[in-house]
Amino acid sequence: MVKTYRHESLLGFFKGMSFPIASIAVVNSVLFGIYSNTLLALTATSHQERRAQPPSYTHIFIAGCTGGFLQAYFLAPFDLIKVRLQNQTEPRAKPGSPPPRYRGPVHCAASIFQEEGPRGLFRGAWALTLRDTPTMGIYFITYECLCHQSTPEGQNPSSATVLVAGGFAGITSWVTATPLDVIKSRMQMAGLNQRAHRGVLDCIVSSARQEGLGVFFRGLTINSARAFPVNAVTFLSYEYLLHLWQ
Ligand SMILES: CN(C)C(=N)NCCC[C@H](N)C(=O)O
């Protein structure tokens, strides 16, 4: 934090923020929409009926994985642009200094498209899919399990329960996702560094060889600290909106 502040001032902490904000509504509606509809197809019970007839954890896991798998393709280009902008760590432009490589998210998207082709926008998408498919299953299982344990039979969970269960679901999924998150970010940066990885496995092996196993847990603390409030609010909004519209 100190380094970022010294190098790039307060603005450095908000780098690459506009694209995630633009994408988060789309990505979360794809995720929660697919999760809910897969569960409906598997159990033939609506969201309201699920309190009285809770689905099995296997069904919750399958529905979560399906949501994670499909949302990864919506997320991939937005996530790539965020990673590229966040890794652009030149100090703030001073008069006479060369301009940064990417002037903003739209310029970044256009440059990747021109320099790396349309497929370049999906760089790292495979690693992202591998990261999100199982961890979204874990995400929804943790949430449903914690809600189930702290709510009397047949009742809706309280707001406090939803916040705590959502927060812990976020932490659990990020703890399990961080190793592949590291690999995904490296693959997304590879197009820029001219450092080609032959694939996900090659990136895993070369990262472990060069930097040791600790490399797979980089960013774990900050990911987990971020995950609690973000996912507490995500699940509270989800439950509240479903309640409002049903
Ligand atoms: C890769 N992982 C761990 C997840 N996608 N986990 C679920 C949380 C997703 C949420 N939008 C967030 O950004 O925390």
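Residue 1 is the first one shown; counting continues down the chain.
Cβ atoms here come from the backbone N, Cα and C positions, even for glycine.
These features come from TrEMBL:
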REPEAT    55-149  repeat 'Solcar'
REPEAT    157-244  repeat 'Solcar'
TRANSMEM  12-36  transmembrane segment
TRANSMEM  56-76  transmembrane segment
Beyond the flanks of the transmembrane segment (12-36) by 6 or more, those residues with Cβ under 8 Å of it: 1, 4-5, 47, 63-64, 66-68, 70-71, 74-75, 78, 81-86, 88-89, 104-105, 136, 140, 234, 238
Reported mean pLDDT - the repeat 'Solcar' (55-149): 89
So how many of the residues in the repeat 'Solcar' (55-149) end up helix, strand or coil by DSSP? 72 helix, 0 strand, 23 coil
